[in-house]
Ligand code: SF4
């Protein structure tokens, strides 16, 4: 599973297709167990989900519907009557992985339906794999279900056994969930092809988002990760129109959404926030402890010329000013960001400007990627591509600067106490995260030899040790 939409490296899955397939089946275990007795003869489906969390949310919705209709979800190609592959098509390696996975599913099973981002380029798939049963693009839930119905008989519904949890089938652990608030993106960053694959911004109705959030909380979710291609643009496509949640009018905007989510009393973490000025309005909510003081803002670069070439907003000076202002209002604020080094035409001076920005901005969590020439990205046409060895050198230098910053920041946390959400308990103790750490991309809090907790528990811990990425702590009483 992966977590970012436009960070080239992070769009590659870390799990092998087989492993992912087993996870999907495991996630439906409750429902499967309940329907086992009646499932004899039910059509069985294998599911492989590749790519970013937004794709994962699509997979959850398709699986929810399949389970609702009574299909069984199985963990191996052999057991499946048909396999669905939800693809990623962001960078070349993700495309290749998707094509390889489709090939594997065809060889192992033979009946394959393809959906997801790569599905938007149907010919690219059918040229290589002409035998797939059907191809659809991203978030095409209904079409996928229709294709399944064409090839596998719809199970007879039995309301007494075909139960799924209220919140649907979740592929993340029970205690956190991704909440997708919109599809598509109105920006045209020159290194990105997401808008051509996923279309323009299409915001979900705020009432529907909030009722999903409420259901997730009722199902035991302790942390909601708000995701989209551009969270700060939420509602701009519908002119921030009023909708209703629990009979009350709510504006379709990031601020109103955050205010409502804050009422749930669980962790709310914002991802993929574009640095618009109106983000300022969210900071007081963080200072008041209503949503997590954590902002994931992909700045991508600091040099004005490169940002312009990237078609990204802002300048380093303005960003530094805003970060300072935000930290005055909310000193606990943790900022995560991602950057691209080696963008076509990036000079040594421009790269050094980025390093200087990094030193001044003192960001908490940072990811960095070498420019990846995604097929179809406008920036590929730009002159003066940076040689691979120069990109690699810049990446290493960038990471070295950030490692120092990060280590110093985490050292300063030693002695302080934080609320920790436990993700797992293994043979060495418990592993969790504080408000500073988003799952999969940030650091962890290790509670060595702590076995008296369970995943989903929230406990206070004092930090006793830190490196440049993770911290170690001991549980303390509330
Ligand atoms: S904001 Fe830019 S990088 Fe992000 S999805 Fe939109 S076009 Fe791509």
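Placed from the backbone N, Cα and C atoms, the Cβ positions cover glycine too.
In TrEMBL this protein carries:
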type	residues	note
DOMAIN	43-153	domain 'MTTase N-terminal'
BINDING	52, 88, 117	[4Fe-4S] cluster 1 binding site
DOMAIN	171-408	domain 'Radical SAM core'
BINDING	185, 189, 192	[4Fe-4S] cluster 2 binding site
DOMAIN	411-477	domain 'TRAM'
Ask   = When the pLDDT values for the domain 'MTTase N-terminal' (43-153) are averaged, what is the result?
value = 89
Message = Near ligand 1, meaning Cβ under 6 Å from any of its atoms: which of the binding-site residues 88, 185, 192 fit that description?
response = 185, 192
Message = Can you check which residue among the binding-site residues 52, 117, 189 has the largest number of Cβ atoms within 10 Å of its own?
response = 117
Ask   = In angstrom units, rounded to an integer, how far apart are the Cα atoms of residue 52 ([4Fe-4S] cluster 1 binding site) and residue 189 ([4Fe-4S] cluster 2 binding site)?
value = 18
Query = What is the Cβ neighbour count of residue 192 ([4Fe-4S] cluster 2 binding site) at a 10 Å cut-off, with all protein chains included?
reply = 25
Ask   = How long is the line from the C-alpha of residue 189 ([4Fe-4S] cluster 2 binding site) to the C-alpha of residue 88 ([4Fe-4S] cluster 1 binding site), rounded to the nearest angstrom?
value = 19
Message = Please report the distance from the Cα of residue 192 ([4Fe-4S] cluster 2 binding site) to the Cα of residue 88 ([4Fe-4S] cluster 1 binding site), rounded to the nearest angstrom.
response = 14
Request  = Mind telling me which of the binding-site residues 88, 185 has the densest Cβ neighbourhood, counting other Cβ atoms within 10 Å?
outcome  = 88
Query = Which whole-number value in Å describes the distance between the Cα atoms of residue 88 ([4Fe-4S] cluster 1 binding site) and residue 185 ([4Fe-4S] cluster 2 binding site)?
reply = 17
Ask   = Could you give the Cα-Cα distance between residue 185 ([4Fe-4S] cluster 2 binding site) and residue 117 ([4Fe-4S] cluster 1 binding site), in whole Å?
value = 14
Query = Could you give the number of helix, strand and coil residues in the domain 'MTTase N-terminal' (43-153) as assigned by DSSP?
reply = 55 helix, 21 strand, 35 coil
